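Engineer: Marked as transmembrane segment by TrEMBL: 16-35, 47-72, 84-102, 108-133, 165-189, 201-219, 231-255, 262-283, 289-306. The annotation domain 'Sugar phosphate transporter' is assigned in TrEMBL to 20-306. Taken from TrEMBL, the feature region 'Disordered' applies to 323-349.
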Amino acid sequence: MGKGGSLSDSVIKKILLSYTYVAIWIFLSFTVIVYNKYILDKKMYNWPFPISLTMIHMSFCATLAFLLIKVFKVVEPVSMSRELYFSSVVPIGALYSLSLWLSNSAYIYLSVSFIQMLKALMPVAVYSIGVLFKKEGFKTATMVNMLSISFGVAIAAYGEARFDTWGVILQLGAVAFEATRLVMIQILLTSKGITLNPITSLYYVAPCCFVFLLVPWIFVELPVLKETSSFHFDFVIFGTNSFCAFALNLAVFLLVGKTSALTMNVAGVVKDWLLIAFSWSVIKDTVTPINLFGYGLAFLGVAYYNHSKLQALKAKEAQKKTAQADEEAGRLLDERDGEGTGKKNESQN
């Protein structure tokens, strides 16, 4: 009973911890999205400056990442040359800054629920760009699945009560830049054996994002901010908002590190449905039956895509284990043959 009990307790503890990490990630992701919407929406806090908000996030996250890596040494930095930084990290930083700028801008024009529905196009964008850069093989079945997701999102868009063309363009642009960033991480970093966790990623990428955003900020938002003499920087609002954004990156680090990327995908689906429910019930955004039907179709397509990716990953892992087992068996056989030859030589002597 002792061993069985201890095993059972450890399994229960592991499950509870996994659910705790999932709950923390969902809560923080949910909070950051709703908080950004609250700050940027003209009907709420009414501070429609997405570039400024993103720059505040980047400076806050870069500072905390620097403290965690260089001062408190919680995370080990990645060895990186200046040439590698400029050839690999800088392009990724440029794409990330554009993705964040456009996605935050979309909150001014679109409802939280509709933005989540449009984000369902992310697998479509990642797969299409992956095929374009030859990181993914073209498969007819996968492309049909991508078209089904796109069709579902198109139906959701058709049923949107507060459809805004400019807002949709901004969000689709954000999806395209984010998908390109994810593919470029594979090409520019992963292929070179460099893996960045969310903290080291912020340490290297956040300052780069800040510099890229500084240029459009000077021409687009700074002149307007100068004219807004009534505005006073609220350290509580922007401080807590930035802290939530940084905590979300820590939560990603915990969730993927302690569970798996698939768990994060499943948690993401739960978060999206919660946000749609919250947007409808609390913010009072209009969510139509056509919205839900379209998003439901897209959701099924995304779920099938994640399932297919998991099955392919399992098959790859099984193939790798089989190859390792064959290699080990071959090595043992060679050792036995070597021992047998040695004994035969001794008996002849």
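The backbone N, Cα and C atoms fix where each Cβ goes, and this holds for glycine too.
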Engineer: Could you name the stretch, out of 165-189, 231-255, 262-283, 289-306, with the greatest number of CB pairs under 8 A to the transmembrane segment (16-35)?
Structural biologist: 231-255
Engineer: At an 8 Å Cβ cut-off, counting only pairs 6 or more apart in sequence, do the transmembrane segment (165-189) and the transmembrane segment (84-102) clear the bar of 3 or more pairs?
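Structural biologist: As far as Cβ distances go (cut-off 8 Å, pairs 6 or more apart), the transmembrane segment (165-189) and the transmembrane segment (84-102) touch.
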Engineer: What residues in the same chain, six or more past the boundaries of the transmembrane segment (231-255), come closer than 8 Å to it by Cβ-Cβ distance?
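Structural biologist: For the transmembrane segment (231-255), the list is 21-22, 24-25, 28-29, 31-32, 35-36, 39, 45, 47, 53, 56-57, 60-61, 64, 197-199, 201-202, 225, 263-264, 267.
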Engineer: Mind looking up the mean pLDDT for the domain 'Sugar phosphate transporter' (20-306) in the predicted model?
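Structural biologist: Averaged over the domain 'Sugar phosphate transporter' (20-306), per-residue pLDDT gives 91.
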Engineer: For the transmembrane segment (262-283), what are the same-chain contacts with Cβ under 8 Å, counting residues 6+ beyond its ends?
Structural biologist: 18, 22, 25-26, 29-30, 33-34, 37, 111-113, 116-117, 119-120, 252, 255-256, 292, 295, 299, 302-303, 306, 310
Engineer: Take the transmembrane segment (47-72) and find every residue of the same chain, 6 or more past its ends, with a Cβ under 8 Å from one of its Cβ atoms.
Structural biologist: 36, 39-41, 97, 100-101, 104-105, 107-108, 199-200, 202-203, 206-207, 209-210, 213-214, 216-217, 220-221, 224-225, 231, 238-239, 241-243, 245-246, 249
